[in-house]
C-alpha cells in the first residue's frame, strides 16, 4: 500500500474507520467500517454518487452500521491500533487501480466506494443487494464529477461546485418560493439589455439599501421561468453565488481559489446557459486574498467578464460601489451600471398590494388596503433613515406579526377571570379547614360563586377557541390556495392543460368560496374577542413603537389634554400667557395634522429677563408631551462661544479626531426624533453657530459630519435669551435684530417676549415652590404646612423685578430648608412628623417647628 495516495477526505474516512473499530473493540478494520466512514462525512461525495445510482445512502449507512455493530469484539492492548483486514486492503487496492484508470492522481471517496463494491465482503454484498454495483457506481461518477480529474488532495470541494456554493433562483421561481415583483419594469428591461450584449454583458444594480435591488434579480428569475424574456435569455438558469460558503472552511492556502475556479469552470462549461448573480458584489474585492497573494475573487473573474464568458449580475449599495469597485478601474469598466432609485409612495403602495397575500397567508390575518396606504405614507414621513419599499414592507410585516401574537395569546377577559377563579380556589382551600358555622356558610357562598365564575370562564374559553379555529381555518385555506395557484402555473408551463382547467375552474374557486364564507363568519360575529384585521391604527402603533412619534389617531383623553394644554403649562409657568399659548398652538397644529409636514413642529425665541420662566416652559412642554421634564435635548449655548465649536453640534468632519462619534445635537435627535430641543442662553454662542440652524428652521433637516440627513420635522425648537432684558418690548426686538442675522430671525415661527413677574404672580410661584419642597420631604413621610402669613412673607421678601423667581427659591432654601435640616439632624423633628412653618418675632423670620 506504499503507492496509495488518498485525498484529504479519504484520509479522514480511513482515520474515522480506525477510530470506530477501536471504539467498538473490533480487532481489525473491515470494508463496512470504511463504508460507514465515507457515508457519514458532512461534505462527502460518496452519498451523492449513491443517490445518482438510484440508491438511498441513508439506508445503506444504517445497514452498514448494523454490520459493524454485529462484528465480534475483543480485548487487549493492540485494540488501540487495529489493522486493515484482507478485504479492506483489497478494496483500497481496487480503488487505487480505478483511480489510475480514470487518470486521477489521488484516491477520492467515491472511488473508494467503487473499490468496496468491487470486492467480496459483506459490505460489497450489501451495496450489490441494494443495486449499487461496481458498474452502477462508476456510471454515476459522470453526474457528480463530470469529466473532472482528481489532481489535488481536496477534489470533493470542486465536484458539484455550483450545487454547493449557489442557489438556483429559477428553480425557486418555478416552485413559487419567490415573492412577486411589482413594477421595476424599466430596471429589469435595462438588466436584460445588458445581459444580451456580446461582451461586457454584466449589469450591476446600484442603489440605497432597501430599494429592491435583489428583488429585481428575483423578478428576472420569475420572467425567465414565465418565458417573458428575449430569445437570448429563454430557458437560461439564474443562480445566486454564495461567496460566504465558498470562503467558509477553506483552511489551506489556495483552497478558496480552487473552489471558485471549479465554479467558474462549471459556468464556462454550460456554454452561456447560466447567468450568475452575486449579491453584495463588493465582497469579491479582496475575497480569498491572503498574505502576499493578490489573487482575490475579483481578479480571478476579470478575464471571464471581459470576454463575455461569465454573465454576471451584481448588486451593491452606492457607498460600497464607490469604496470598493470604483477603486479598481479594471474591474469597474467590465460592469454596466443600472441605477435603482427609491420608489415613490404610490409605487410602494402597488408593491405592498402585490405582496399582501403572501403576508396574509404567513401570519393568518387580513390586511386592509388602507393599512397598506398608511404603511407607505407613515414610513415615508416618519422613518427617514431608511428607504422605501423596505421600511413599508417591514411595517406591514411587524403589524401583522403583532396581531398574530394577540390572536395566539389569551385575551384579557380570560386572564382576569382566571385570576378571580384562582383567588376563589385559594380561599376555598383555606375555608375547608375552618369548623365554625360562619365559615361553613361563607364556604357555601364561595363554592356557588366559584361554580358561576368557572362556568363563565369555560364559556369564554370555548368562544375564544371557536374564533381562533375559524381564523386558523382561513389561514389553512389560504395556504392551500397559494399552493394550488403555484401548481396551476407549473402545470400551465408544462402544457398540462387538463390539470390547469381542473385547478382554475374547480378546486381554486371552491377554496375561494370557503375563504369568503369563513371571513364572513368572522366579520359578522358580534362582540368578537379577537381582531384579525391589520388596520391603519395598528400600523400607526408600530410606527410609534419604532420612533416614539405619536402617529396614530388621538384617543379621547389625549384630545382633552391637548385642548387644555394652556392650563397644564400654566400650573408650572406663571404669568406668561402669550408664551404658553404660542407653544400650545404649535403642538395642537402638529397633532391635528394641519402643520407644514416639512418644517419643525414649532420654533420659538423666548426673550425676557432672567428668572421669568423661559427654561421652565421648555421643561413643562417636555413633561406634557413625554411625562418627563428631562426628556428633552438641552444645548447650553455658552459652551459654543468659539467658531469651531459648531463641530460639536453636528460632529467632526472627516479626518478629524472623533469623526465617527457624531454630534451632540444630531445624534440626540437621530435617536429620539420626537422631542423638544432647548438652546439655552443663545446670545452667549458665536454668531456663526446659528448658520447651521437655518436649514433646521426652514426645512426641518440637518446634515451631520458623516453626511447623514437628520430629520427635525417632529421636534419643537426653543431658543432662550435675555437680550435687552429690562428694556421695553421694542428695545428687546432691536437688541435681537442687532445680535442675529435677518435670515435667522425670519425663519422662526414666533419671538415670544416674557413679561417681568409681578408680586401677585410671585405669590402663585410661592405655592409651586412650597409644593415641590413638600414633595421632596414626602420621602421621609414629613407633612409640610406653611401658614398664609408665611407665604405672604416669602412673596414680599423674595420679590425682585430684576431677578425674577430665582431669589424666591434661594429665600425658601435659607428660611425653611436650612432650619428644617438643623431640626432633623438634632432630632427635634423625626420622620413621619407634621411640620409647621409660620412667621415669628413680628415678621423678622420664619419659624420651623413640629406641629402637635
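Glycine is treated like the rest: Cβ placed from N, Cα and C.
Annotated in Swiss-Prot:
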DOMAIN    1-147  domain 'Clp R'
BINDING   207, 208, 209, 210, 211, 212, 213, 214  ATP 1 binding site
REGION    558-756  region 'NBD2'
BINDING   608, 609, 610, 611, 612, 613, 614, 615  ATP 2 binding site
REGION    757-852  region 'C-terminal'
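Helix first, then strand, then coil: DSSP counts for the domain 'Clp R' (1-147) stand at 97 helix, 6 strand, 44 coil. With respect to residue 212 (ATP 1 binding site), the closest of these binding-site residues in Cα terms is 613, chosen from 610, 612, 613. Taken residue by residue with DSSP, residue 213 (ATP 1 binding site) is part of a helix.
Reduced to three states, the DSSP call for residue 615 (ATP 2 binding site) is helix. Sequence-distant contacts (6 or more apart, same chain, Cβ under 8 Å) of residue 207 (ATP 1 binding site) comprise 213, 317, 318, 339, 340, 341, 342. Cα of residue 210 (ATP 1 binding site) to Cα of residue 613 (ATP 2 binding site): a span of 46 Å.
Annotated ATP 1 site 207, 208, 209, 210, 211, 212, 213, 214; additional same-chain residues within 8 Å of its Cβ mean position, judged by their own Cβ, are 315, 317, 340, 342, 387, 390. With respect to residue 208 (ATP 1 binding site), the closest of these binding-site residues in Cα terms is 614, chosen from 608, 609, 610, 611, 614. Across the residues of the region 'C-terminal' (757-852), the predicted structure has a mean pLDDT of 74. It is 209, among the binding-site residues 209, 212, 608, 609, 611, whose Cβ has the fewest other Cβ atoms within 10 Å in the structure shown. The secondary structure of residue 610 (ATP 2 binding site), as reduced to three states from DSSP, is coil rather than helix or strand. Once Cβ contacts within 10 Å are tallied over all protein chains shown, the binding-site residues 213, 614 are led by 614. With respect to residue 211 (ATP 1 binding site), the closest of these binding-site residues in Cα terms is 613, chosen from 609, 612, 613. When the alpha carbons of residue 214 (ATP 1 binding site) and residue 612 (ATP 2 binding site) are compared, the span between them is 59 angstrom. If you count neighbouring Cβ atoms within 10 Å for each of the binding-site residues 210, 613, the highest count belongs to 613. Cα of residue 609 (ATP 2 binding site) to Cα of residue 209 (ATP 1 binding site): a distance of 50 Å. Reported as a whole number, the C-alpha separation between residue 610 (ATP 2 binding site) and residue 209 (ATP 1 binding site) equals 49 Å.
Neighbour counts were taken as the number of other C-beta atoms within 10 angstroms of each residue's C-beta; across the binding-site residues 211, 612, the minimum falls on 211.
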